[in-house]
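These notes are about the structure you will find just below.
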Amino acid sequence: MATEGPDTLNPSLMDTGHGQNVDDLSRSLQRFNWPDYLVFVLMLVSCIFIGIYFGYKDHQKHKNRKTARRDSEALDYLVGGRKMKIFPVAVSLVASWISGISLLGTSTEIYVYGTQYCYIVFAIVLMGFAMHYIFLPVFHDLQITSAYEYLQMRFDKRMRVFGSVLFMVACLLWMPVVIYVPALAFNQVTGINIHTVTPIVCLICIFYTSVGGMKAVVWTDVIQSAVTLGAILVVLIKGVIDIGGPSVVLERNLAGKRIEAPIYDPNPTLRHSVWTMWIGGSVWYTYGVSCSQDMIQRYLSLPTLDHARKALRGFIFGMILVIVLLSSIGMLIYATYHDCDPLTTNLAAAKDQLLPLFVMDIFQNYPGAAGVFVAGIFSAALSSLSSALNALAAITFEDFVKPYFEDKLTEKQIAITLRGSVLIFGIISVIFIYVVEHLGAVMQLTMTLSSTSGGPLFGLFVMGILMPWVNATGALYGGLAGFLSMCYLCFRSQASMATGQIIYSTKQMDVSGCLYQYSNVTKPDPTFDEMEKSIHHISYLYFTLFGTIVSCTVGSLVSLLSNHVDSEPIDPKLLAPFIRRFIEKHTKPQEKYPLNSPVQSENINMDIHQPE
């Protein structure tokens, strides 16, 4: 599939690889020199100093206080005193979402499976509408710190604890993947073992997160985002110039059938289609933005709902931009290796090492350039990890410590609790890396694992905000049913892929143009479509939707059977704005909402209750 002309050969890999075997070539590409290490270390040091700066400022503010107040240590540490600015928060939202998983996983997705995944940008827009009109108004009206405090206000204390535990499970499954991904990149460019670099980087992240709190997390996100975006643009521009321009990239991707029109087949077992991405993808994105403490914490750090909505629009724009750029890099990598696939030759040991390999290839003669890229990968990972650690500290304090000690805690005790939580969860994440490295490609793995608790957790908020007939008992049983069903679904799916029972067909690869020596072991390649299908064969993008449907269905049925248990009406602030208006419109004047008895309507046969 080679094209005639001077741009056919990649001037770096093809020339330097002539006559070498794959192992020698791999070692020759590991040229991480002192300028690269300098750039990498400077990025880490800047994070440390930002943490120290904001930690010192907060210490000066609180050092004379003996008891916790509304504007105390916890409020400043967790939500920046609710006085953050729109731009850094919007950037921080993107940085929290775009981890090394996205940077490596998206480009790998395009290289291996084609451009079908690009259409998920429409799911991001749909998520934006849901956040703008449904979730943000509720959370901002309540002015809470923990997103799961809402579940207690809407249902009862059991649901708050249950929601917090589900989020903790999601974070503990997700954070090791976030750390593992940049370690893969570092291993590819330096040869240093991933278990050597991960503890060091994690300790730095734990330090600046525990010392500086939300302000340090947000402002390091801004700096890290600039480094990450710069690295993406440099790689994209340099790669396109080397290969001969955008027309060559498009030509080779069309010839290799990477560029695809939308697939409208409604088959739910298709890995990617318009329906899996627009329906399943939008639910997954909405869950990630509306029910995750780390995201909600940022929206609540802004002073008004209008500010939060502007930050949301910035987040949507930033996400679409990043996906377009990363997809372009995936196409560029394929155009570069269109006739010498490094996965087939084992030049790249894992799929998610394609981008690091490409970077070392095109920047062989540019000292420091690879360091910028690796710093960008680690910046993306650190921003996501610090966000999760800060959110876990918020959950631990707000949902498990504060309710039992109330105003008995001193400022020092609060500080120890928050920072100790960051340290403990960070250490757990490092330990879990030993499990993650055996579980497959990172992007699909992340979405699958997050759905384990994400589906039922999103179901709890959907029942609370959009389904006023669901009571606390129904929500509890619905959440449990959703969690158990998702544990089965996700475990069966990952186990089937790990054992080869599920194999998704990849795009055709070519090695006819390789100028280096390699040993290629041909393996049978059964396709997914030829295998007998069951529920765990549905697209991974539908997993969160499946868990949500199970939770809401069981929750509604149990609520109808136990409707007599709850007796108080719901505060209208706990419902989506359009639900409030609908109920008020269909409520008799003498029964204007809220009342001391259940709200009833001639047109809707339901009671709206609040548990004692």
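Here the Cβ of each residue, glycine as well, is placed from N, Cα and C on the backbone.
The region 'Disordered' annotation in TrEMBL covers 591-612. Annotation source TrEMBL lists transmembrane segment at 37-56, 86-105, 117-140, 161-186, 192-210, 222-241, 272-290, 311-337, 369-395, 416-436, 456-489, 540-561.
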Does the transmembrane segment (369-395) reach the transmembrane segment (37-56), going by 3 or more CB pairs under 8 Å (6 or more apart in sequence)?
yes
Non-local residues, at least 6 beyond the ends, that sit with Cβ under 8 Å of the transmembrane segment (192-210):
44, 47-48, 50-52, 179-180, 182-184, 186, 216-217, 220, 378, 381-382, 385-386, 389-390, 393, 418-419, 422-423, 426, 429-430, 433-434, 437
Taking 86-105, 161-186, 222-241, 540-561 as candidates, which has the most Cβ pairs under 8 Å with the transmembrane segment (37-56)?
222-241
Between the transmembrane segment (456-489) and the stretches 86-105, 117-140, 161-186, 222-241, 416-436, work out which stretch tops the count of Cβ pairs under 8 Å.
161-186
Would you kindly list the residues that approach the transmembrane segment (272-290) from elsewhere in its chain, counting only those six or more residues past its ends and only Cβ-Cβ distances under 8 Å?
97, 113, 116-117, 119-120, 122-124, 126-127, 130-131, 134-135, 262-266, 296, 315, 447, 450-451, 454-455, 457-458, 461, 539, 541-545, 548
Where among 86-105, 117-140, 222-241, 416-436 do we find the most Cβ pairs under 8 Å to the transmembrane segment (311-337)?
86-105
